[in-house]
């Protein structure tokens, strides 16, 4: 039924109810009409229906109905972006629900209010709206947990929780609370899947995909969006599916795959949009994408023969990318344009224009240093043009200002710009330059601002006698701009004009690339890289899976994320499909591709709660010890899943989880009787990569693809549900990520099967036909063991391993073992004729079926094509046995038709001389050592034992991580013996697990030398001396050595696993952000570390973020008690990282953040995160924030969040932003007067305090009896009056101060005797340092000095202390 038919039907029913006076019925039809209209984007009409519904229900005094009507009116107003009116109606809904004590409606009211505040945040980015939204959602969730449990069905409760978790996840994502965000989304998706809530599942997956996209995690984003798209299809909601396609196109654009992005946008266009502006957005995005594709194709054609045209196209591409906000691609295009212009020797002025484009684009990318470089190049190319020089110098000054350069570097640029503008007599430009210079001087050099202001006034009074330069003409529209919609292949008739069904549309997604090369039919993929088998496994179509496998579909292909069909079947819980795939040889322990984080099918099943599937995998031999890249075993994955969802699990599921946990524990400890894997009836060729399994048919068509290199991709701005952002206007961020791009095809609507760059290159080969001759009757024998070994090595490389796997193995308990028969013909039996054909592609169409057996005909595809020569002719290389030794020397044949002779007797090769064949390709073995995976080639020319592989893996790990492990290797849980030959136990592309049994840890000095040697870094003598003298000490110090990152790396690697280390001091070096990961790796191996000093190490926000992210979930900083990050340029933006760091160090008692570049903006961006972190730091005793120009407001925010009951020492030296910042003492007094304040030591030196401030401070001393030490030094406006005030206030306390510092204050002598008496009574230590002290003061101290006290009296210093 169409929309118009439904509307007519409901309108008739509404009219009938109106005639009959049935007001409630009429209101119900109004409600239904409003919902239907709103679902199709007609919000204004829907609003009128709900308003009519409200009037009708008010007339019959239906309070609950009125409440619901207010909710619907509020929702419609919110959709029309009238948020104030929407909130008014929603609060009326809340009040009415409260008056009825209806907890269900109260829950919905709070949830609706929260969603509206979330929409307000999306509209105006107000943080206050976010906090209100979070509070509303939490109230709603509390009602569900506390009031509605037991009142509603489990499904209704799950539905409420699903939506609340989703909304809380969105709120936490905007608040940058990543961990909470991920947990909420996981809970929402889990509940939606369990209860088949497809609309909520769609929203959760869609939003999670958008979050992954914004975070640059394209693989995860594509998988989430595909899941959302499946939900939209299941609900037959075309608009929702259209939104998914739009977001998929954005992801693909970021990856540089504009052909695939075009296909996704065309699908979105055909599906339609709920809002008219969304359809306009899709059209604009499609125009942009098509323009890019057109220009890229023109550029590819022009690069070969028309460099001038290519240069123009590069400029058009750069302009197009710039307008779209894709600045990295724009910069790349302009850079290419510049390169071509230099090759063509274009004029200087033309080169200067390109440099301007590059500089502007780099400025948009916030890379102001490089922008300055290009402006300087423009300046060099435009000598003599005063006006252009003025503009360029002005741009240089602005870029340097953005880069944060000092005033001394900015001022000359402004001055040169102003002088050039004067020469060009451009008064308006002069005013602009002086105005900006004036603004800069107010911030950086206030004393010079007055002169600039005077010059500005003089300039504004002067009359401009010349006409100002006209505005630059607007850029003409690109010649290659996309044509109108009708020309852009947007027509509904292009791909589905014949009324194709949904199934045909899905088949269109899986069409192969119709390019120049013939492509394997099984390698057809959709935009996600999914094959037909992937789709069948996702949709649970067992019959389809069976048909595909029987027809020869590969079993283990990967999609673009890296998932195999078995992964998908396990993820969706299709037990019978999993069973079928395992029966036919699917890889049970496949860890997935690069985007899968090492998740095996068992991990996937457990992470989705499919316990029957997990049980089947374990029975079929799945490893229970393999870990993901995050270090999680299957058992830990299950425990994490139970912990996350425990509250939402029913009793049966909890019991199943407990049973599975016991099963995994028994299996991992070796107590479970593990079922042997079923015999693989269709085994994979061991020379295949795991990305594509061999087909089950004997002679499959080979697949091929062309990989593209990775390039820089931008991370886009935020996109929310039901609100897509045009590709022409979204801002970008610069990131480097692997991209996937489609290869060219004749029909661009067909997805390409050869897109993802992570796939490995494959070549198609055909195995040569082998003819086995009849045994000869007689022959001379001259056999040697060396000859047979050479043959065996050669034939092993040809593909005999595949045949061995196909032959059934003997039972282990068999007593009668038949004599082994060699697959080779002994030299004494073979014929001298040419019995082995050349292994080149054959031209004949077929072979007799009786020539060889089936398994001998099965192809073996090596990775690299190897041309094999005939064994009985000298077409390639032959070997000669030198007299006196048995070595083989290979030489090229001089005449391929004449047999070569060797040896002194010149015997013909037919008499028994061996041949040296071309070396077979090496076996590749993947070795997993903890979180590192190494691919190690094993040459087959010499049979290597497993011990050799172990040594190679250990050396590679040492080269990468700096630690030399002692390893044992396991394959599928079986221990590999060191003496076994590698080809006998492993096949190419097998993955083995290396278990670290111990570490090779020589003395610290030797470890440092070994690390320097492996890194090619020279030894630093002072570090070597420190290593020698501190090797057995629990403390290691390498301070003030100015070690650069290259010199610090071997030092940090040498300290790995130095478990005795408790204190590490690296102050005064150049660690920087780049070395943070190396430091983290070392900290992760020193669990007993309690002190870490990283002060003055050039550590910035990025380095701190890396330390925090790497230490999350690990024990790297768990025992740390003292951390010094002073004198590092952390800046105001480090708030989130600092909060995470505090949470990662639960035992931290001392934190020093002196001179870290904090300003008045500190705490503004991440106040909630930092506040919560400080409040949770229950062990924090000492905090230093000195020498950060916080100012009074920022200091107040800081002190509000500090734990008053536990903090003992607080250093706030020199935190006043300026001399006029007189309110610095007020937040300190508020903190001291807090209930339970435990502060004992307070430092307020160098804060421009005066007598008034000290007077206010002294009044609060009786309220803070814990304070025993006060440092007010370096405050020159503090006089004797302040000292008297302090002493008087101390008399009101039960005890005085143990320390009072007044050095650098204006204490003038002589002090009267009463004052000295108070000093000796109330103070145990006093420091005075002022030139105004007199000799009488010194005499008074000597006369009144109590026993056990000492003094220091020298020049202007007067210190005393009671011992």
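Note: Cβ is positioned from N, Cα and C throughout, glycine not excepted.
The feature compositional bias 'Acidic residues' is assigned by Swiss-Prot to 465-510.
For 666-684 (among others), the entry in Swiss-Prot reads compositional bias 'Polar residues'.
According to Swiss-Prot, the compositional bias 'Pro residues' annotation covers 692-713.
Marked as compositional bias 'Basic and acidic residues' by Swiss-Prot: 771-780.
If you look up Swiss-Prot, you'll see 842-853 (among others) marked as compositional bias 'Polar residues'.
The annotation omega-N-methylarginine is assigned in Swiss-Prot to 796.
The region 'Disordered' annotation in Swiss-Prot covers 460-511 (among others).
What Swiss-Prot lists as region 'Disordered' is 662-786 (among others).
The region 'Disordered' annotation in Swiss-Prot covers 841-866 (among others).
The region 'Disordered' annotation in Swiss-Prot covers 883-909 (among others).
Residues or ranges marked as repeat 'TPR 1' in Swiss-Prot: 27-60. Helix, strand and coil residue tallies for the repeat 'TPR 1' (27-60), in that order: 30 helix, 0 strand, 4 coil [DSSP].
Same-chain residues lying 6+ beyond the ends of the repeat 'TPR 2' (67-100) with a Cβ under 8 Å from its Cβ atoms: 27, 31, 34-35, 38, 43-44, 46-47, 50-51, 53-54, 57, 106, 108-110, 112-113, 115-117, 119-120, 123. For 67-100, the entry in Swiss-Prot reads repeat 'TPR 2'.
According to Swiss-Prot, the repeat 'TPR 6' annotation covers 242-275.
Look at Swiss-Prot and you will find 1147-1168 tagged as repeat 'LRR 4'. Looking just at the repeat 'LRR 4' (1147-1168), the mean pLDDT is 86.
According to Swiss-Prot, the feature repeat 'LRR 8' maps to 1266-1287. Sequence-distant neighbours of the repeat 'LRR 8' (1266-1287) (same chain, 6+ residues past either end, Cβ-Cβ under 8 Å): 1213, 1232, 1237-1251, 1254-1255, 1258, 1295, 1297-1308, 1311, 1315, 1318-1319, 1322-1323, 1327, 1329.
Within the chain, the repeat 'LRR 4' (1147-1168) has long-range Cβ neighbours (under 8 A, six or more residues past its boundaries) at 131, 175-176, 1090, 1095, 1118-1136, 1138-1139, 1177, 1179-1191, 1193-1194, 1197-1198, 1201, 1211, 1217. Residue counts for the repeat 'TPR 6' (242-275) under DSSP, helix first, then strand, then coil, are 27 helix, 0 strand, 7 coil. The DSSP breakdown of the repeat 'LRR 4' (1147-1168) into helical (H, G, I), extended (E, B) and coil residues amounts to 2 helix, 3 strand, 17 coil.
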